[in-house]
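Have a look at the structure below before the remarks.
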Amino acid sequence: MSSHVNTTKEAGGSSSEGGNIELAGTEATIPRKQRSTQQWFWSTLDTEMAYVPMLVCCFVSGLTDSTMFNAYRTFVSMQTGNTIFVALGASDQNTTPYGWAYSLCSIACFIIGCFAFSRMSAILGKQRRAALLTSFLLQTIFVVLAAAIIQGGVLNGAYPSQTASGVVVWRELIPVSLLSFQAAGQIVNSRTLGVSEVPTVVITSLLCDLISDPKLTAPLRENAKRNKRIAAFVLTLTGAICGGWITKGTNTVQASLWLIAGIKFLVTVSWMFWTTEAEK
């Protein structure tokens with residue numbers, strides 16, 4: 001009888017203990033999953049192939065600028081041209097009314113974007129998945145907003161513009177501001193990822209660095225930076241050509257912007273699966 005009771009107690013204790021283990025295991029599993037997610041989100045990424053999404057951004061810059069210049073006579077990425085337009089406005093020589101104001105708005109928003117994206121990157125960790133995911137997600141959202149504003153009829157997205165000559169539609173500054181702000185994220189990312197040879201929004205310095213490279217004529221596999229610069233130039237040019245044809249073919253501005261949003265979204269998703277430094 002005693003043996004039976006002891007056995008029952010032992011069995012009960014074992015069961016109870018087993019239940020506690022199972023419960024403890026369940027409780028331990030939740031924090032473990034949370035830790036795993038946090039480690040994934042805050043992990044430092046391998047930057048060996050980080051130039052690939054930056055090259056994609058070169059294509060995007062060409063596509064964006066050719067589209068926006070066609071529609072609103074201002075750039076959103078290449079701020080050198082905008083600086084000249086602002087300077088010409090000082091002597092009242094802009095070809096479009098208040099064209100200098102559009103360019104000045106773009107420059108200002110680009111500067112604000114550089115400040116915002118660089119500070120965010122510093123806070124989240126320059127080469128961490130958190131910083132890159134957040135940066136490109138924000139860029140995508142800003143492009144989507146610009147495209148949606150035009151698609152929704154807030155602005156006339158027809159090309160050629162149906163606005164009467166000499167009439168200024170100040171609402172056009174909305175997409176200009178949004179796209180200029182997000183463009184800053186690209187060059188900030190190229191710096192934080194250590195891919196300064198692919199600035200994504202600057203062609204002048206890129207060409208200078210390319211041509212002045214002492215190893216300009218080195219074999220293909222012996223000068224990676226030269227190869228990246230050439231690819232960046234070609235992709236920017238290709239993007240600009242595509243932007244012109246898309247605008248001409250669709251007679252709209254938003255078609256290119258939706259394509260840009262899609263590309264930015266794909267780049268954002270790519271950071272979710274990017275190899276970490278620890279996995280290298």
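All residue numbers here begin at 1 and follow the chain in the order shown.
The backbone N, Cα and C atoms fix where each Cβ goes, glycine too.
Positions annotated as compositional bias 'Polar residues' by TrEMBL: 1-18.
The region 'Disordered' annotation in TrEMBL covers 1-20.
Cβ atoms under 8 Å from those of the transmembrane segment (40-63) belong to residues 77-78, 125, 127-130, 132-133, 183, 186, 189-190, 193-195, 197-198, 200-201, 228, 231-233, 235-243, 246, 256, 259-260, 263-264, 267, 270-271, 274-280 of the same chain, restricted to positions at least 6 beyond its ends. For 40-63 (among others), the entry in TrEMBL reads transmembrane segment.
Residues or ranges marked as transmembrane segment by TrEMBL: 100-118 (among others).
Annotated transmembrane segment per TrEMBL: 130-150 (among others), in sequence order. Same-chain residues lying 6+ beyond the ends of the transmembrane segment (130-150) with a Cβ under 8 Å from its Cβ atoms: 41-42, 45, 117, 120-121, 124, 157, 174-175, 178-179, 181-182, 185-186, 188-189, 192-193, 252-254, 257-258, 260-261, 264-265, 267-268, 271-272, 274.
The annotation transmembrane segment is assigned in TrEMBL to 162-181 (among others). Outside the transmembrane segment (162-181) by six or more residues, the chain places 64, 68, 71-72, 74, 76-77, 97-98, 101-102, 105-107, 109-110, 112-113, 116, 142-143, 145-146, 149-150, 154-156, 257 with a CB less than 8 A from a CB of the stretch.
Feature annotation from TrEMBL assigns transmembrane segment to 230-247 (among others).
For 253-274 (among others), the entry in TrEMBL reads transmembrane segment.
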